[in-house]
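Pulled from Swiss-Prot:
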- 13-33: transmembrane segment (TRANSMEM)
- 34-54: transmembrane segment (TRANSMEM)
- 99-116: transmembrane segment (TRANSMEM)
- 139-159: transmembrane segment (TRANSMEM)
- 165-185: transmembrane segment (TRANSMEM)
- 214-234: transmembrane segment (TRANSMEM)
- 244-264: transmembrane segment (TRANSMEM)
- 289-309: transmembrane segment (TRANSMEM)
- 340-360: transmembrane segment (TRANSMEM)
- 365-385: transmembrane segment (TRANSMEM)
Amino acid sequence: MALVTQARTLGKYFLLLDNMLVVLGFFVVFPLISIRFVEQLGWAGVIVGFALGLRQLVQQGLGIFGGAIADRFGAKPMIITGMLLRALGFALMALADKPWILWLSCILSALGGTLFDPPRTALVIKLTRPYERGRFYSLLLMQDSAGAVIGALIGSWLLLYDFHLVCWVGAGIFVLAAIFNAWLLPAYRISTTRTPIKEGLKRVILDKRFVQYVLTLTGYFVLSVQVMLMFPIVVNEIAGTPSAVKWMYAIEALLSLTLLYPIARWSEKHFRLEQRLMAGLFLMSISMFPVGITHSLHAIFLIITLFYLGTITAEPARETLSASLADPRARGSYMGFSRLGLAFGGAIGYTGGGWMYDIGKQLELPELPWFLLGSIGFITLYALHRQFNRKKIETAMLTP
């Protein structure tokens, strides 16, 4: 028993270090894509939004297949291959001088994420006990925030010299992460049985409760992905310099490092998971409406603070709820399918956000995209409320 506990502990330390590399490599590049191609090169927002949405749709939409393959063959080969594919995508992005090259680089990056993301998420479930899972997700999210601000700082600094450097550094970090996994990650199996690919896919698709929950979250992700597209654009417009974007991620890091874990610990004692998810979504939705009429950098940072408070309230609950509902016989398949809401939400949020940004500029109605985003948030909130109240999920499944 002591050996099992030691293995779990070492595994969790490995996950934390691995997660830092993945987050750092991602945020060196992706927050700066909209600034590089929209603000610096003058491309239409819908072109860049389509690229980001395509990456989201491919990665998360195909995640169920990546998870099912990992159920069959184990986590390690999928993770290593996926990280090398993402590195290749970032290297190609450095050469993007036409939209199709940017789109292709995003597809390669997405296919990499399709392979490594579901098994990494399933490893979290495998290596954590149910009662500690919510807190471990909180630690990962705190780390995500720290990695985001460090990555954005590095990327913003490199962008002052050359966007090629931004992409090459991001690619190098993912190559390093692949080597790290090849060297240290044991050949874990992520499910309790060696589930055939077809059986794992069938098991999750027939779970109507889980499918409905995942698809309802599409609207949640339409809002959450705006930290990669619309928020950086509006901060850059108000500040007049792309270097201001790093302060947006600094706010997220500060809030996460100081409040995320205490909020998670306090709220898990007083509220159910679905209540925490809906409270966070409410804050995210209400923060959208004033963005388009704000012209002060301090005011926009206050609004972003409110948005991030919603995110750090909702995210640990959302992740824990998804894990609670997963069948342990097909963890990879379930965790892959759980990304489908992010796939649809990302595709709609990025492409639709870029299109609404262009339309708002043409009509001289900068508040239009933000009003529509806020409305989507409240529609999603209503849908979640109906879902949780029409058919209660078992209490045991809703407690971390």
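Counting starts with 1 at the first residue shown.
Just so you know, glycine gets a Cβ as well, placed from its N, Cα and C.
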Interface present between the transmembrane segment (365-385) and the transmembrane segment (244-264) (three or more C-beta pairs under 8 A):
no
Taking 3+ C-beta pairs under 8 angstroms (sequence gap of 6 or more) as contact, is the transmembrane segment (214-234) in contact with the transmembrane segment (289-309)?
yes
Pairs 6 or more apart in sequence, C-beta under 8 angstroms, 3 or more of them: is that satisfied by the transmembrane segment (165-185) and the transmembrane segment (13-33)?
yes
Most Cβ pairs under 8 Å with the transmembrane segment (99-116), selected from 13-33, 34-54, 139-159, 289-309, 340-360:
34-54
Stretch in 13-33, 34-54, 139-159, 289-309 most in contact with the transmembrane segment (365-385), if contact is a CB pair under 8 A:
289-309
For the transmembrane segment (34-54), name the stretch out of 139-159, 289-309, 340-360 with the most CB-CB pairs under 8 Å.
340-360
By Cβ distance under 8 Å, which residues at least 6 away from the ends of the transmembrane segment (139-159) in the same chain are close to it?
15-16, 19-20, 23-29, 31-32, 35-36, 124, 165-166, 169-170, 242-243, 245-246, 248-250, 252-253, 255-257, 260-261, 312, 315-316, 319
